[in-house]
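This report concerns only the one structure given below.
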Amino acid sequence: MANLANGAESGGTARADLVARAMQATATRTWVAVALALLCGIVAQSPNLLLGRATPNLDFWVHYNYAREFAISLDAGIWRPRWAWNAQGGLGEPGLLYYSPLYYYLSWAASKLAGGNVWIGMQLVEAGAAMVLGLSVWRLCTDYASRALALLAIPLAIFAPMLCLLHLGFNGYPWATATAPLGLLTWALLRPAAAGKLLDIPAIVALALTICMHTVTGLMAVIMVASVALPVVLSQPLRFWTRRAFWSPALTVIGGLALSAWYLLPAFASQGLIDAGVWRENYTPFNAFSLSTVTAAVFGVRWFAFQWPISLIAFATCVLALWIVRRERGEDLPGWFAPSAAIAGMTFVLSTELSYPLWLIDSPLRNVQFPHRFVTLLVALAPFLLVMGLAARPRIAMASGVLAVLGLASLAMGSLVVARAAAIDGEVIDSREPLGPYVGLDEYRTVYTARGSGVGLSYDWQAQCDAVGATCSPRKLSNGAAHWKIEAASATTLRLPLHYFPSWLGTANGRAVEVRPDPERGLARMAVPAGSNEVSVRWAAMPAERAGMWLSLLTALLLAAISVRVRTGRARRAALRGRP
């Protein structure tokens, strides 16, 4: 009996040692993946982050200026910035109400690590986002392939030419950074644990983060999630509504929109207060199709690199990898196959001329502006499929060879973009220069301001004060409001150096004063009593803002309660199974 006991004890010890070694090996591989993702993220972002170089264009100045505007407002105690104070020649515009705020919040927080330098903060966020993207795809690959092979996904995702060109050429910083939550969304939709789930909380959270990082990418992500239901709709057209595979994506979309309603609802509800038509008038889709042929001849090509080489490599990778897996596995297809094929197919249709009739319709799709933008959805999916294709070990050697060549071509293109940005393109940015008045964007001119009037560039605040016998100070932001010190010889009405918006709440010496629009110039107009005055204007939340905040809060609480209940039930069942 003693021998049996000793044998059992030694056997248990051996098993424990095996488990410990396996856990240590897993931890080591995980740290290798983290180190690789960190290295790739820094190298990919090195022209901006380490060399301080950029190629200034419209998008560069929009995002750089708005990031600084966000930081200025947050430092002044405005926890939810909506107003770009220095835009429109210093009279301001409500652009921050409509731009997804998460990127700017993160940039402000990261800038505190860089001594308040917003430019460096932006680059830290983008390098971190690239790291999250790479690790998300790597983690997904480890569910279906060896951890060693899965490491390939990290550089393939981070050096995806679409992503590198967005960062370093197009300067679409929030758009590029949104690939991080998009990578998390891809993982959430395709991971093994997603199979059979009715309510997929990780997917809901990832979708909400994508929306709050970049609105247009969020819209494409909504379409991406909806496409996951296509296989069951096509296979069971009369009974799809009874299947979880249909309702799970639907609930993910509903949950993601509700969770992001704190930003999304007021942004959409108040579009009638700005010149939102510019989004569709100035940017049309007809010269921006991927793999364009007929439309290229008729309308021209907007950005060849996005529309042809980048799109071609991404689509070819997805098609070949899916074909390899289908050929090698036959009818025994993995659970990720159908949703991956649906996402890739939807992306191909909506980004190419096959969807031309859809772009003629005045629908939310037109807010995407450029069809080739849909290729963004493949930044995470294509590396995953490439690894899956190699893991399938195709019997046709040429197939794996072509897939490897496509991967190398993608890496080469992304690396070339980085090298060119570091050595040839762009200029060194003086990130210490303070933000002053700038032109702003036409689409954010309020309905109270004549379109294209350029009032801000010619408005003289001091001359306005002199004309009514008042002495006025420049604007100061603090305690969540804009302040002016005004010494008036007699009671008067002043046009403040600020565009009117219905959310403005004015005070003079602590007493409420109505803020009205000036019919001539669309400025905010206030009555000022005689004597020394402290005039302040702060933002009062619109009804849509309050409704959106409550909807997001209630959704978050509901999801948290469901998550706790699921975990508690799982722990209880595990405890019952462990009883003798």
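Glycine is no exception: its Cβ is also placed from the backbone N, Cα and C atoms.
The transmembrane segment annotation in TrEMBL covers 31-51 (among others). Counting same-chain residues at least six beyond the ends of the transmembrane segment (31-51), those with a Cβ under 8 angstroms from any Cβ of the stretch are 120, 122-124, 126-128, 130-131, 134-135, 138, 147, 150-151, 154-155, 158-159, 163-164, 167-168, 414, 418, 421-422, 426, 428.
Positions annotated as transmembrane segment by TrEMBL: 118-141 (among others). Outside the transmembrane segment (118-141), and at least 6 residues removed from its termini, the chain residues within Cβ reach (under 8 Å) are 33-34, 36-38, 40-42, 44-45, 48-49, 52, 63-64, 67-68, 71, 103, 106-112, 149-151, 153-158, 163, 167, 173, 176-177, 179-184, 186-187, 190-191, 379-380, 383-384, 387-388, 429, 431.
If you look up TrEMBL, you'll see 148-169 (among others) marked as transmembrane segment.
Taken from TrEMBL, the feature transmembrane segment applies to 201-234 (among others). Taking Cβ pairs closer than 8 Å, the transmembrane segment (201-234) reaches residues 98-103, 174-175, 177-182, 184-185, 187-189, 194, 240, 243, 245-246, 248-253, 255-257, 259-260, 263-264, 267, 338-339, 341-343, 345-347, 350, 364, 367-369, 373-374, 376-377, 559, 562-563 in its own chain, all 6 or more past its ends.
Annotation source TrEMBL lists transmembrane segment at 246-265 (among others).
The transmembrane segment annotation in TrEMBL covers 310-326 (among others).
Residues or ranges marked as transmembrane segment in TrEMBL: 333-350 (among others).
Positions annotated as transmembrane segment by TrEMBL: 370-390 (among others).
Residues or ranges marked as transmembrane segment in TrEMBL: 402-423 (among others).
Summarising the annotation, TrEMBL assigns transmembrane segment to 547-566 (among others). Through the fold, the transmembrane segment (547-566) approaches residues 199, 201, 204-205, 255, 258-266, 541 of its own chain, all at least 6 residues removed from its boundaries and within a Cβ separation under 8 Å.
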Checklist entry - Hey, does the transmembrane segment (333-350) touch the transmembrane segment (402-423), meaning at least 3 C-beta pairs closer than 8 angstroms, sequence gap 6 or more? => result no
Item to check | Close approaches to the transmembrane segment (310-326) from elsewhere in its chain (Cβ under 8 angstroms; 6 or more beyond its ends) | outcome: 160-162, 165, 290-291, 333-334, 337, 340-341, 344, 348, 351, 372, 375, 378, 381-382, 385-386, 388-389, 392, 394, 399-400, 402-403, 406-407, 409-410, 413
